[in-house]
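Per TrEMBL, these features apply:
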DOMAIN    59-520  domain 'Major facilitator superfamily (MFS) profile'
REGION    534-558  region 'Disordered'
TRANSMEM  20-38  transmembrane segment
TRANSMEM  145-162  transmembrane segment
TRANSMEM  167-186  transmembrane segment
TRANSMEM  192-211  transmembrane segment
TRANSMEM  223-246  transmembrane segment
TRANSMEM  252-270  transmembrane segment
TRANSMEM  349-366  transmembrane segment
TRANSMEM  378-397  transmembrane segment
TRANSMEM  409-429  transmembrane segment
TRANSMEM  435-456  transmembrane segment
TRANSMEM  463-483  transmembrane segment
TRANSMEM  495-515  transmembrane segment
Amino acid sequence: MESETRVLRAAGGFGRARRLLAAASWLPCVALGLALGSEPLLTALPAHYCRPDPALLPPALRVLRGPALLDASVPRLGPARARSPCLLLRYPESASRARPNGTRPCTRGWYYTLPAAGLLRSPVTQWNLVCEDGWKVPLEQMSHLLGWLLGCVLLGAGCDWFGRRAVFVASLVLATGLGASEALAASFPALLALRLLHGGALAGFSLALYVARLELCDPPHRLVFSVAAGLFSVLGTLLLPGLALLAQDWRLLQGLSALVTGLLLLFWGFPSLFPESPRWLLATGQPARARKILWHFAEAGGADPEDSSEEESSLATATELDMLGAGSPQPRYHSILELRHTCIAWRNGLILGFSSLICGGIRASFLRSLTPSEPAFYQPYFLGAGLEAIATVFLLLTGDRWGRRPVLLLGTLVMGLASLLLLAGTQYLPEWTMWSLSVLGLLASQAVSALSSLFAAEVLPTVTRGAGLGLVLGAGFLGQAAAPLADLHGRRGFFLHHVVFASFAILALLCVLLLPESRGRGLPASVQDADRLCRSPLRGGRPGPDHLPLLPPTPRPQ
């Protein structure tokens, strides 16, 4: 790891070229925000009621029109006397004039209150995914989240075997094609399959971008460049409802989203904007490819590697590259299963994956507590996006000042306490207190989720960072899938869902204490380097490799 660090520093360190590349990698996050925000928008449930069927009415009532026909056909329920969304009135068949004696399911479809989330046409209204077919909406949500989970796991491993750039470009191509195919889906089963595959492609695109950006940065800048990308994702999420109002049709909206990813491929598909990670090339024994990229970084930063005044530094870098590639004519790839033979690295990954799982699952509980009845679309949507932006700013202000582990511990504590108080005080606490606890818990879960991803990327080795981070992120999507799973059963499992994840949050609080502090440390290159991350350099330990002074330059041959 020290040799890799000296090579990277001798090639200009985190100079102008690497800073510009890291900052440019923020822009694709806007497309990710559009993709992540599309799921609640496409599955938003509009207010609806049955379309009257005059053939089911007594002969004397069949001549009615307008509101009178609705009143004679659709029952009104509850104190608000709202029209039933799924039932029609039943009349005796023998009598010509009679009062209704029961209800029956809808027979001629539904009237919808449109637009819903800005759309005049959505998958819900096109295929009538309401009432008896309402279970198909959480099924579609689970399918999309399952795609993200599988994409994180499979394409994360691909990042370690084929490289960050290869997975990034391939995922962009797939995401563009699958997004356009979604806009042309002819049936709900076809849409279900395409959403699954599209989620997997987006996961690979997101993961490869995150890992490559992190590996470009030195320790003082890792937090800023990694976490600040979340603000661009929030920007995309906030822009999506405006695009929906302009498009008004879900197919056109999906086509616009595919166009955005296609434009990303047009620019970020070139190696100059998204080169392969030199850190990964060095860790897997590919010094020749790393040399070209590092020389390009040095030249773009204003240094000329062939200049005689830089000859000593160039010779030292070349020597280090030759040493890194010595004895390994073929690249050396590694599997995430190698972490089984470590003492500390596997434990760190397991704890952070557990933390990500809890954040993904408990977030739905806080949102449900904020909007206990069927909410309008915009309130939870913009509230979630706003709290994500606040959580990102909080991490930017505290992550380097306090350290990763204290902030993660604080966020987990707040999340667990808020969840327990909501469980215990539902019937006793005033409404404003419940609202405050829900907002605080949702904010903490957003912060812990983002910090768990960064923490995992910093403590996992370069040779398996893609697969390891993919498992951590995949655990978060698995937790999010618990909410639509509860909806499949008519929300009867919501209370148990809340109890389970609140208990897990308290358990995670104890597990976080076992994590090392990663602030100020260099990224571990090998599995052995990751297994030695057990002592913080900020508490009197050995300084991180990225902070080691450069060795004296290699003397020039006489």
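A Cβ is built for glycine as well, from the same backbone N, Cα and C atoms used for every other residue.
Just so it is clear, the model here is predicted, and its values are computed rather than measured.
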Subject >> Most Cβ pairs under 8 Å with the transmembrane segment (252-270), selected from 20-38, 145-162, 349-366, 463-483, 495-515 >> reply: 20-38
**OP:** Flag the pair the transmembrane segment (145-162) / the transmembrane segment (20-38) as in contact if three or more Cβ pairs fall under 8 Å (sequence separation 6 or more).
**Re:** no
Original post:
What mean pLDDT score does the domain 'Major facilitator superfamily (MFS) profile' (59-520) have in the model?
Top reply: 87
